[in-house]
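Swiss-Prot has this to say about the protein:
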TOPO_DOM  1-39  topological domain 'Cytoplasmic'
TOPO_DOM  61-67  topological domain 'Extracellular'
TOPO_DOM  89-102  topological domain 'Cytoplasmic'
TOPO_DOM  126-148  topological domain 'Extracellular'
TOPO_DOM  170-231  topological domain 'Cytoplasmic'
TRANSMEM  40-60  transmembrane segment
TRANSMEM  68-88  transmembrane segment
TRANSMEM  103-125  transmembrane segment
TRANSMEM  149-169  transmembrane segment
Amino acid sequence: MAEKANNFPPLPRFIPLKPCFHQDFENDIPDLHRTTCKRLYSLWMLNSITLGVNLIGCLAWMIGGGGAINFGLAILWVILFTPCSYVCWFRPAYKAFKTDSSFNFMAFFFTFSAQLVISIIQAVGIPGWGVCGWIATVGFFGTSVGAAVVMLFPTILFTAVAVLSFVALTKVHRFYRGAGGSLSKAQEEWTTGAWKNPHVQQAAQNAAQGAMSHNDPQYSATPNYGYSNQM
């Protein structure tokens, strides 16, 4: 089996770095899960954009007299959280839907729960933490209305990310439990090393895709019940 070339992130040619991951929703993710997986990717994009908008909000905060510490931390959050959120929770979700891996689902639930807590803290907006949340923004209206209005944009985005993260977590967890997933299955994958075996992963992916395209049970000898399989 030929190894698929990495294509993400799609870096310009003048940057002397190569993509680190292979990402192909159409060929990797079964039809049943593709929409959910794409929505998780869109949520990651929204979170990354929100961190960028927060950087602008913290710049306005600093110009309005709020100090430089928030702006400095906002730069750190963009540099740190954008790639880490992709690696720590989106990639496990992508691989979980791709190979129906309980271990990767558990990794996603653990890291994405942390992401949800972080999103709530960001939406709250504790002053001095480098985020334009509600406490920081509302409190700054008395100092600089113009800066506070700019800070309001990332505040709303942080709130949206927190709400959407909660919805996404509950939806994926409901699907996982409904499909028979459990912690014991994840522990079994960890013990056997199946979660990192490419041959096992490919077999699981083929099985998952086959299950999506053949919804009827398969038997060694299929009886004729007097109906046609033609649609």
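The backbone N, Cα and C atoms fix where each Cβ goes, glycine too.
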Using a Cβ distance cut-off of under 8 Å, indicate which of 40-60, 103-125, 149-169 has the most pairs with the transmembrane segment (68-88).
40-60
Check the topological domain 'Cytoplasmic' (170-231) for me and report the mean pLDDT.
55
Could you count the residues of the topological domain 'Extracellular' (126-148) that DSSP puts in helix, in strand and in coil?
11 helix, 0 strand, 12 coil
Where else in the chain does the transmembrane segment (103-125) make close Cβ contacts, counting only residues six or more beyond its ends and a cut-off under 8 Å?
47, 54, 81, 85, 88-89, 92-93, 95-96, 131-137, 155, 158-159, 161-162, 165-166, 168-169, 172-173, 176, 181, 183, 186, 189-190, 194-195
Secondary structure content, the topological domain 'Cytoplasmic' (1-39) (per DSSP, counts of residues):
13 helix, 2 strand, 24 coil
Per DSSP, what is the residue count of the topological domain 'Extracellular' (61-67) in each of helix, strand and coil?
6 helix, 0 strand, 1 coil
Which sequence positions outside the topological domain 'Extracellular' (126-148), separated from its termini by at least 6 residues, show Cβ-Cβ distances below 8 Å to it?
54, 57-58, 60-61, 63-66, 69-74, 76-77, 154-155, 158-159
Secondary structure content of the topological domain 'Cytoplasmic' (89-102), with strand meaning DSSP E or B:
12 helix, 0 strand, 2 coil
For the topological domain 'Extracellular' (61-67), what are the same-chain contacts with Cβ under 8 Å, counting residues 6+ beyond its ends?
132, 136, 140, 143-144, 146-148, 150-151
